[in-house]
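Presented below is the structure to which this report refers.
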Amino acid sequence: MGLVSNMRTVLFQISPLILITSILSISTYLFASLYSVSHLSFEGWANRVIYFPILFFLCFIVTGIIESFFALSDFIDPKNGQVNIRDLWKETLFKLNPWSGVVVSSLMGLGIIGCANLAEIYRTITVVWYDNILWTIEKPLFVKLIGSWVDVPELWDHVYFSLWVFVFISMAIVYRFCPLQRFVQVAMAVVIAFYITRCSNLLFPTAGPAFYNSELFNLAGTHCAKMQQLLRLYMDGQVTQNGLMPGTMAMPSLHVGLMGIAVWQLAHIWRRTLWVTIPWFLMVWMSTVMLGWHYVLDGIGGIIVIAIAMLIARIIFCVWSFFGVRGFPLRNLASQNKSAA
């Protein structure tokens with residue numbers, strides 16, 4: 001009976017994410033019409049989605065090991081001075097079942113892949129880009145930065161690709177130390193942010209500095225150079241959509257936005273993490289500029305997007321908890337989560 005009750009609790013906590021992911025994915029598929037990614041088979045979707053739960057699970061294990069180091073002194077036997085490894089890992093690494101997090105991260109991956117329809121529309125119908133507006137504003141900054149002592153593409157390349165590791169580490173920490181509802185809310189905000197960003201790209205298409213003024217950037221030998229070339233081929237129709245290709249989209253910067261949500265969630269748990277996370281956040285933002293992915297203003301746009309996405313996710317959960325669903329004690333759960341937090 002306890003197992004059934006626990007499964008029901010988990011189900012109605014992740015139900016809003018299932019609902020929103022389904023609505024957004026189906027809506028964009030219908031909206032895409034002839035541009036839908038029909039060639040992406042179920043196997044293709046599964047191959048892409050699997051990255052998300054695997055990355056979450058690995059980060060879950062890593063954060064559990066780190067937690068065990070901090071709790072080490074509490075499990076030292078005063079008689080012989082030895083560490084009780086079994087009890088230590090039982091109370092840290094294995095104190096929490098990871099499978100709810102695996103399911104939620106998989107749902108988040110499905111929602112993100114649904115954005116591929118919007119990327120296809122962007123690739124197919126966009127004929128006018130507005131990079132000239134942003135370039136006019138920020139050209140003096142780029143001219144000053146590119147070729148200066150901070151222009152080290154290999155360094156910024158590694159910083160840029162640290163995003164998803166940082167995001168999933170923060171999500172694993174939220175999963176370990178916060179109610180499940182908060183973890184689901186973060187995952188929902190990430191999905192919503194993807195859709196807001198893609199829709200914004202359709203309304204105000206910008207390719208990014210490296211695509212608008214490619215001769216200014218020397219990224220030879222970096223992973224970003226290969227990725228940018230792949231996106232050029234995709235935009236030309238020479239590479240098919242794999243479910244994760246965004247196209248050449250700059251404003252707003254989802255990269256900066258996702259870093260922002262990770263920083264915010266960690267600060268909610270331990271405010272002192274800001275001493276580490278804010279410099280990391282600024283470094284990632286800087287990397288998007290130095291590698292030509294984004295304009296500085298794109299980063300501000302990304303922060304605004306993620307703030308809106310978090311607000312929408314919070315409102316959805318408040319409405320969900322207020323009205324409830326027959327058979328699910330949502331109001332009682334909401335009060336339990338509030339007291340737990």
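Backbone N, Cα and C define each Cβ position, glycine as well.
A quick note: this is a predicted structure, and the numbers were derived from the prediction, not measured.
Record features, source TrEMBL:
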TRANSMEM  12-37  transmembrane segment
TRANSMEM  49-75  transmembrane segment
TRANSMEM  96-119  transmembrane segment
DOMAIN    157-311  domain 'Inositolphosphotransferase Aur1/Ipt1'
TRANSMEM  159-178  transmembrane segment
TRANSMEM  183-204  transmembrane segment
TRANSMEM  249-267  transmembrane segment
TRANSMEM  274-296  transmembrane segment
TRANSMEM  302-323  transmembrane segment
Hey, which of 12-37, 49-75, 183-204, 249-267, 274-296 has the most Cβ-Cβ pairs under 8 Å against the transmembrane segment (302-323)?
-> 183-204
Are the transmembrane segment (159-178) and the transmembrane segment (274-296) near each other by the rule of at least 3 C-beta pairs under 8 angstroms (pairs 6 or more apart)?
-> yes
Candidate ranges 12-37, 96-119, 249-267 - greatest C-beta contact count to the transmembrane segment (159-178) (under 8 angstroms) | 249-267
Counting Cβ pairs closer than 8 Å to the transmembrane segment (96-119), the top stretch among 12-37, 183-204, 249-267 is 12-37
Against which stretches of its own chain does the transmembrane segment (249-267) lie, if we need a Cβ under 8 Å and a gap of at least six residues from its ends?
-> 119, 122, 131, 134, 160, 163, 166-167, 169-171, 173-174, 186, 189-190, 193-194, 197-198, 200-201, 204-209, 273-274, 277-278, 280-281, 284-285, 288, 293-295, 297-307, 309-310
Same-chain residues at least 6 beyond the ends of the transmembrane segment (183-204) whose Cβ lies under 8 Å from its Cβ atoms = 13-14, 16-17, 20-21, 24, 28, 101, 104-105, 107-108, 111-112, 114-115, 118-119, 121-122, 126, 130, 167, 171, 174-175, 246-247, 249-252, 254, 257-258, 261, 265, 301-302, 305-306, 308-310, 312-314, 316-317
